[in-house]
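**Q** For reference, the structure I am asking about is given below.
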Amino acid sequence: MYKIVSIPGDGIGPEVVAGALAVIRQITKKHGFEIQVEEHPFGGASYDLHGSMLTDETLNACRDCDAVLLGAVGGPKWENLPHEHKPEAALLKIRRELGLFANLRPAKVYDALVDASSLKADVVRGTDFMVFRELTGGIYFGEPRGFDEKRGWNTMVYEKHEVERIARLAFEAAQKRGSKRVMSIDKANVLEVSQFWRNEVHRVHRDFPDVELSDMYVDNAAMQIVRNPKQFDVIVTGNLFGDILSDIAGMITGSLGMLPSASIGRVHALYEPIHGSAPDIAGKNIANPIATIASVAMMFEHSFCMADISNEIHAAIEGALSEGLRTADIAAPGQKSVSTTEMTEGIIRHLGA
């Protein structure tokens, strides 16, 4: 039996998580195994109840489970709190306390939605790649950092173990995905830290002789992702470059409501849609649950090692979309849109009994 901690959070978080949990219930019923779900408050919802965005009880529950499912955090109600009490600080803390060092962001275009992309349909059709972004090092955390009246400074630094563990994760994923290709993204032509990154990735690659490794400069990668996204399978890169490239890749799909993510550590993992809490549509039952449901698909693949069930969920999403179901964010002008609940029910219907 697996144990999931559900932290729905704020805004549309509870609505999209409810849809994802309904999918989990259908999967366990269909395949005859059990998943225990334990819900805890997080973010603004937790602050309103307990005066803390992340209570010790919630954190301990997240430590004592197989996977964490997060909805969304934040909203205007809590924007004026001190930085250390803001929802974003709680999210950084939970990632740090769980030892999450890799962010996984898939860029998958469903056939039924090729026309929703801002790129031409023939460019994006068949796109299916994964960005592995290192989360704990690089310029976001390097010291020294600061600014005065005359200058500002930051330090981009990577330790050997930080590069090794993210590279190893990417190579292992490439082996499982079948095409066995990894593209390492850096700026080794001008940055010494990128030269170090490249050397370490190539050193780790010696343990994976069946995987093809290529290198690409980050500026070229940004261009290639929108020019020919199908050329990529697994991308591995540092914190700053990954932050930028994963957002570029994400827009290929046509809506933030389609984009799942996973943050992975040696023991723990947290799964969440990349969209925000969208307080303007919260409680209206119109949010797109697909990103959260696709995050559950990632959970089955990476935490539970059930790639077949992950594929089932993606196929059910594709089936619902092919049927013509669209929430408002992915509906074409004049096209009828469905509710959060209706989209969830459509996906469950395509999962089968």
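Cβ atoms here come from the backbone N, Cα and C positions, even for glycine.
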**Q** Could you look at Arg125, Arg133, Arg198, Arg203 and say which one Swiss-Prot places alongside Arg95, Arg105, Asp219 in the substrate site?
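**A** Site partner of Arg95, Arg105, Asp219 for substrate, according to Swiss-Prot: Arg133.
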**Q** So of all those binding-site residues, Arg133, Asp219, Asp243, which one's Cα sits nearest to His83 (NAD(+) binding site)?
**A** Asp243
**Q** What Cα-Cα separation, expressed in whole Å, is found between Arg133 (substrate binding site) and Glu79 (NAD(+) binding site)?
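**A** Approximately 27 Å lies between the Cα of Arg133 (substrate binding site) and that of Glu79 (NAD(+) binding site).
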**Q** What whole-number Å value do you get for the CA-CA distance of Lys187 (site 'Important for catalysis') and Gly75 (NAD(+) binding site)?
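**A** Counting only the Cα atoms, the answer is 36 Å.
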**Q** Out of Gly75, Pro87, which of the binding-site residues has the smallest number of neighbouring Cβ atoms within 10 Å?
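**A** Each of the binding-site residues Gly75, Pro87 was scored; lowest Cβ tally within 10 Å is Gly75.
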**Q** Taking only C-alpha atoms and a 10 A limit, tell me which of Glu79, Pro87, Arg95, Asp219, Ala282, Ile286 are near Asp247 (Mg(2+) binding site). These are the binding-site residues.
**A** none
**Q** Hey, does DSSP put Ala282 (NAD(+) binding site) in a helix, a strand, or just coil?
**A** coil
**Q** I need the least crowded one of these binding-site residues (Asp243, Asp247), counting other C-beta atoms within 10 angstroms of each C-beta.
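**A** With the binding-site residues Asp243, Asp247, fewest surrounding Cβ atoms within 10 Å: Asp247.
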